[in-house]
Each structure stands twice: as structure tokens, then as C-alpha cells.
Amino acid sequence: MDAQAETEMPTGSVSDEPFLGPLDIILLVSLLAGTAWYLLKGKKKESQASQFKSYSIQPTTVNTMTMVENSFIKKLQSSGRRLVVFYGSQTGTAEEFAGRLAKEGIRYQMKGMVADPEECNMEELLMLKDIDKSLAVFCLATYGEGDPTDNCMEFYDWIQNNDLDMTGLNYAVFGLGNKTYEHYNKVGIYVDKRLEELGANRVFELGLGDDDANIEDYFITWKEKFWPTVCDHFGIESTGEDVLMRQYRLLEQPDVSSDRIYTGEVARLHSLQTQRPPFDAKNPFLAPIKVNRELHKAGGRSCMHVEFDIDGSKMRYEAGDHLAMYPVNDRDLVERLGRMCNADLDTVFSLINTDTDSSKKHPFPCPTTYRTALTHYLEITALPRTHILKELAEYCGEEKDKEFLRFISSTAPEGKAKYQEWVQDSCRNIVHVLEDIPSCHPPIDHVCELLPRLQPRYYSISSSSKIHPTTVHVTAVLVKYETKTGRLNKGVATTFLAEKHPNDGEPLPRVPIFIRKSQFRLPPKPETPVIMVGPGTGLAPFRGFIQERDFSKQEGKDIGQTTLYFGCRKRSEDYIYEDELEDYSKRGIVNLRVAFSRDQDKKVYVTHLLEQDSDLIWNVIGENKGHFYICGDAKNMATDVRNILLKVIRSKGGLSETEAQQYIKKMEAQKRYSADVWS
């Protein structure tokens, strides 16, 4: 544009004046050209600004902040805010809670902003005390084996490894965890304690949310006491009733050219058409599916073995890593939601943040269509949280429907109990809610604002790159169940995958994926003995481990004892990878210990086999410093297995209960005890 502006400058108007010499003419022309270029450039910038100031078509998730833009202190100062809410989020819940706190701050004269630690200069926390009556709140999820979320890792390392002076910083922490996991809320607990150690002032007690129960309830209960305490601390008063406010304004854009409309890209426009490495969460690789076969032989349930082709992608993986996949929502659910909102799903629109200081200009990539937003960007199968129901109540034509939604979204014990029964226990998603409250017809744009972002789904990789360098294998059970209301609910990702079958003569189906590195690793020396406990699809990473051990043996290396505990219902129905495992067993690669719970009158599980094998277990972990791995269900299996291990350590090692606990903690620190579990 600037080059074009230069070529269009008028130069002839001064060249006919006879009393100027050639040098004068050249200088004058240069001066006029420069001035005109500067003015025209300014006008062009102005016209561009006026053309686009109503919305931005920049990707919402890409970090393009300059040094000034990532200064949350400057944003607070320039906008008269005193509250900043940081989030550490892997699935979007912590980010959602942070947004709700920042939004509510207005009621308490604490105008707030939400901030992603990854996109901020967190050293500025030391300067927050200079803003009068300022407060930093941290909504932090714990991920994996007590780890911070990806976007919080740098901040976590920074406060962990630096002797900082946080005197004068006012703070509060709400942690998000799951009690079925060994390291329940480790990140929230640590940050709360560490900030106090560094001299910061805790304004309100640490909140701990349990995702195994109703984490929404934990958050609301904490929040109810949080705000009055904040008001007391700063000597401020609530401005009154809860005012429902829109965070984004709607701009319908029928005239936007089709090549500027997002069609499902995570961040960069056209990134799925023009693929460029490196591939990651913001730039997934559109991987062809080469194989999608059924692993169950009978029994009515389905388990898929899927192979993704990553040849030419420059993506690398190791056995134990995770494959993340971006799914799409069911077409029928999208259509039903559109009808209940009386929407034309092909309307092109943008939602624009009313907070002009926010780095998050849109809730998802815009401009796009409602159909794309509901298909690719929003969790329409998630159970709606109470703040969504509270806002939906305003769109009820019948007073009784409005009262009901207000009641179940209230903080009254009866309201909470009804929410648990009507939403949680009955597994009602947004579509079901609107179907069962027929007078509720919210505008589609408000629904798009309220629903959380559709998150990638993670699967333990079930192959070794040493054997399969150009393909990544995953093992996934098709999720499908009937609810108390008689509806059939389906898992978003596995339903999507189940439809992706390669057919002869047709292009291979493709799915956006990326690789997430893990700490779940085989020991570096192949001769180190290992025990792996993985019933059902918990077998997935161990299939990769066994392939790797087989590869080492074929290279002429000694491999240590490799014992696998696997369990399923029936040998004839759901013994996945049976032929492979039996072959590895015959060739001496793996010592196979298999439990089929329903093949005899009395049920037998992997835990029964472990209890029988205390000598073997102690030989591996106690006498030969081997590694112990668990993969699968966190709620029951993983807890039971850990307790059995403690029992073995106590009895065979001659240790007390406390000493046995310390023994496992030491194994964890040495990466000799690892769990890859889910609830």
C-alpha cells in the first residue's frame, strides 16, 4: 500500500516554474512528494481503521502481543481497573470461572480483566501493589500428575525458582482439581502457599474445586464468601443486584468475502487449507486416517483402533505421548439448536468484546457462521453451568419457566439440589434444556457467547515411533449411553471418529491433530524391569511400550522383565489386541497377566492378580529398582492399585505405613512410579 501511495504522488505542478534551478526543483519535488506520501499514508491508515474498527478478523488464540500489549499493569492503569484474574486452564473451565469473576467485579466497584499468564509479563505482579486497592485472583487447574496447565508452566516455574518480594500484593486462589487423582489440586495449593511465603497478602482463603463431583457448586460456594470478604478488606460496598451483562456485541456481516470467513480453523485463517509446520494446538495437522478398525469381537460395545498418517508433517512422538484431536459436533444437535433459537445458521457474524482493552477480541475465530461456530467452536454437549441457565431464564415466555431456571441456578440449597438432579444426574445439555423448557427461545448469538469453547480430546498414543515413525495409533472406546430422560447421549470425539473410515477409491478422511508431550516414559535402559497395569483402553500406551521393547530386542539389546496386567470383561468379546499380545508373550517379550472379569462365576480383576503377585512386584520395584506404571480409570482402579502397591511395600519391605508412602513418593520423584489416568 505504501509503495502504491508513493507512485501516485502529483509531481508535475511545480516543474514549470522557470525561476527555480534544477536542484531546487528536485529538492522541492522530493519535499512535496514526502509530505503528500505521509498525509496519504495517514489517510489510508485512518480509512483502514474506520473500516475495521467495528471488528477484528485477527485469530483470537494466537499470541501477537507486543511488549506494551502484554503489560497487564498498563491495561489496568489505563482503564481504571483494580482486579486482574489469571487462569491456568487445560479444558476451559478455569478460564470460564476467571471470566465470571472479572465480570462480577463491576458489582463490587472492582472493575476486572481476565489474563492468560502465558501472554503476560508476570514479573509485573511485583508492581501490582502500586495500584491502590488492587487484587490478583488465580483460577488454576491441576493437570496430569500434579502439573500446571500448559499456559501456566512458565509462571509456576518462575514463582517456584525465584526468591521474589511480593510484599503488598493482595491475592486469592481458586484451585480446580479432581479428588480421584493422587495430586488433588496440587497447583492451586502450591501457588496459594508460595505467594504467602513470598510476602503477598492472602485476602481470602484458598478455594478447592472437585471436578469428580459438581465443580460448579464448589466455585459458587467459594465465590459467595469471597466477595463479601473482598468488600470488607478494601472498605467497599456492593453496587446492588446482579446485573446480567453481555460481554460481546453482535455484528452480522453479510458482505464479508467468503475467503475471510473462518470455517473451523483454530487460529490462522485458511490454516487447514494451507498447512505449514510446526504443528501444535493452535496450528493442528490435518492427518489422513489410514486405518479405522473394530477391536471388539462381540458384546455390543465398540472400541476403535485408528491410525493417523503423519508422514511429511515433521511431527515427532514417543511412546507414552498423547495425541490431541479437534472433533466436530453432531450435525443433528446443531440443527436442533438452531431451530430452537429461530436462527438462520448460515448467517455470517462476529462477536466483538465490549471490553476494548481485552486481548481476547472474540470468543472464537470471527467472522464465521452460526453453523460453523456450533459445529467447530462450541461445546454444545457439555452440561450447562448455572450462570448459563440464569441468563437463559431471561428469554422464557412463560413465568413458571423463568422461575424454574432462576431457581436451579440459585445458590439456595434446594436450588443446588434441583440443579444436580435436573442437569447433572439427567445429563441434559443445552439442546435438552431448551427442548424441555419450550417457552425459552434465546437469540443464537447469546447462546454462542455463553457456551464454552469446544476443546481438543486427548488420547494415549498406542504405538512406538521406533516401529511406526510415520503413523500414530490411538485406541478409543465409542462413548454412547442412555440418560434418565430416555435420550441417547454420544461422545463428541468418538462419534466423530467412528464415521471416519477409509474407503477404496476415495480420498482418506482427515482429522486435525497435534502431539502433546508426556512424562509417561519407559526407563532409558531397556534392561530395567517394568510392571504395567492397564485394563481396558488403559492398555494403549503399554502397546507402544511393548513394541519398543520388542524393537530393542531385535537390535540385540537385553530387555528387562516386562510384565503387563490387562483386564476386560470376556476373552471372546473385548480382549483387544489379543493376537499381538499373545504373540509377544510367546516370544518372551512380555509376561502377560490377564483377568477376564465375567468369564467365571466370581469376578476377577487385575487387582486380584496384583494381590497374588506380591513377590513379583517387590522383586521388580524393591530389589531391582524397576518402574511401575498405571493407565486407565482414576476413580477406582488406580486408587486400588496404589493401595495394593503400598501393602506390598509394607509387607515385603518391612516398612511402616508412613515409610511406605514415602517410598512411593520417592519412586514418583525418580520417575519410577507413573500414572496416566482419567476419570
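Keep in mind that glycine also has a Cβ here, set from the backbone N, Cα and C atoms.
Residues annotated as domain 'Flavodoxin-like' in TrEMBL: 83-227.
Look at TrEMBL and you will find 89-94, 141-144, 176-185, ASP211 tagged as FMN binding site. Its Cβ taken as reference, TYR184 (FMN binding site) is surrounded by 17 other Cβ atoms within 10 Å in the chains shown.
Per TrEMBL, the feature domain 'FAD-binding FR-type' maps to 282-523.
TrEMBL lists ARG301, THR537, SER597, ARG598, LYS603, VAL604, TYR605, VAL606, THR607, ASP640 with the feature NADP(+) binding site. Around the Cβ of SER597 (NADP(+) binding site), the number of neighbouring Cβ atoms within 10 Å comes to 16.
TrEMBL lists ARG457, TYR458, TYR459, SER460, THR475, ALA476, VAL477, TYR481, GLY491, VAL492, ALA493, THR494, TRP678 with the feature FAD binding site. Long-range Cβ neighbours of VAL477 (FAD binding site) (same chain, at least 6 residues apart, Cβ-Cβ under 8 Å): ARG301, SER302, CYS303, MET304, THR494, GLY536, THR537.
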Max pairwise CA distance, angstrom, over record-listed NADP(+) binders ARG301, THR537, SER597, ARG598, LYS603, VAL604, TYR605, VAL606, THR607, ASP640: 25
Residue among the binding-site residues ALA141, ALA493 whose Cβ has the most other Cβ atoms within 10 Å: ALA141
Which same-chain residues, if any, lie at least 6 apart from ASN178 (FMN binding site) yet have Cβ under 8 Å of it: THR142, TYR184, ASP210, ASP211, ASP212, ALA634, SER679
Count of other CB atoms lying within 10 Å of the CB belonging to SER89 (FMN binding site): 23
TRP678 (FAD binding site) versus binding-site residues GLY92, TYR181, SER597, TYR605 - nearest by Cα: TYR181
Rounded Cα separation (Å) that holds between GLY92 (FMN binding site) and ARG457 (FAD binding site): 12
Tertiary neighbours of GLY144 (FMN binding site) (same chain, Cβ under 8 Å, six or more apart): SER518, GLN519, ASP676
Distance [Cα-Cα, Å, rounded] between SER89 (FMN binding site) and ARG457 (FAD binding site): 14
For TYR459 (FAD binding site), the one of TYR181, SER597, LYS603, TYR605, THR607 that lies nearest, given that the binding-site residues are compared by Cα: TYR181
